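Step one of this worksheet: look at the structure below.
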Amino acid sequence: MKKTPLLNSSICEVVSKMGHTDMIAIGDSGLPIPDDTKRIDLALIKGVPTFMQTLKAVLLEQQVEEVIIAHETKEVSPETFENIKKEIGDVKITFISHEELKKELSNCKAVIRTGEQTPYANIILKSGVVF
C-alpha cells in the first residue's frame, strides 16, 4: 500500500508520469475541460471536495516550480488567492487571463474537477524537479 497520503489512483498515475515543466490543472466545478484533455472528476456534490483540499493533496505528491492563475482569481476571489499563496509558499506565480487559462488546459496532462463553487478557483501547476 502507498505510504504517501494521496490515495486517488488517477491523480497519482498522472503525477508519476509527469516530467519537468509538464502541467496539471485543478479547477472549480464550472471550468470547461477540453475533450482531448484527461478529466479526473472528483466532484461529488456542490462544494465537495473543495478546491483547496484538492490543491493541498496534489501538492503532497507533486514538485511544483510555477503556478499559473487567472488575474480574475486575485480580483474576484481574493480569499482563494490568499489561500493559494499560503499553500504554495515561494513558488513562482504567473498571471494570465481566464480565457488564456482555459486555452492552456489543452496543454495539461490532466484537469482535476472539484466540487468547488467559488468563481475562478482554478490553477495550473507546472512540474518541477526534485534534484
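Just so it is clear, glycine is given a Cβ too, placed from its N, Cα and C backbone atoms.
Residues or ranges marked as active site, proton donor in Swiss-Prot (evidence: sequence analysis): His20. Swiss-Prot lists Asp28, His98, Tyr120, Ala121, Asn122 with the feature substrate binding site, giving sequence analysis as the kind of evidence.
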Next item on the list: Sorry to bug you, but what's the C-alpha spacing from His20 (active site, proton donor) to Asp28 (substrate binding site), rounded to the closest Å?
Entry: 25
Notebook entry, point to check: According to DSSP, which kind of secondary structure is Ala121 (substrate binding site) found in, if we only use helix, strand and coil?
Noted result: coil
Next item on the list: If we count other C-beta atoms within 10 Å, could you say which of the recorded positions His20, His98 has the fewest?
Entry: His20
Note to self: Beyond the listed site residues Asp28, His98, Tyr120, Ala121, Asn122, identify every same-chain residue whose Cβ lies within 8 Å of the center of their Cβ atoms for the substrate site.
What the structure shows: Gly27, Gly30, Leu31, Phe51, Ala70, Glu72, Thr73, Ser77, Thr80, Leu101, Glu116, Thr118, Pro119, Ile123
Margin query: For the C-alpha pair, I'd like the distance in angstrom between His20 (active site, proton donor) and Asn122 (substrate binding site), rounded off.
Written below: 21
Check: If you draw a 10 Å sphere around the Cβ of Asn122 (substrate binding site), how many other Cβ atoms fall inside it, taking every protein chain shown into account?
Finding: 27
Check: Within 10 Å of the Cβ of Asp28 (substrate binding site), how many other Cβ atoms can be counted across all chains shown?
Finding: 20
Notebook entry, point to check: Under a criterion of Cβ-Cβ distance under 8 Å and sequence separation of at least 6, what residues of the same chain contact Ala121 (substrate binding site)?
Noted result: Gly27, Asp28, Phe51, Thr73, Ser77, Thr80, Thr114
Check: Could you give the maximum C-alpha to C-alpha distance in Å for the residues Asp28, His98, Tyr120, Ala121, Asn122 that bind substrate per the record?
Finding: 13
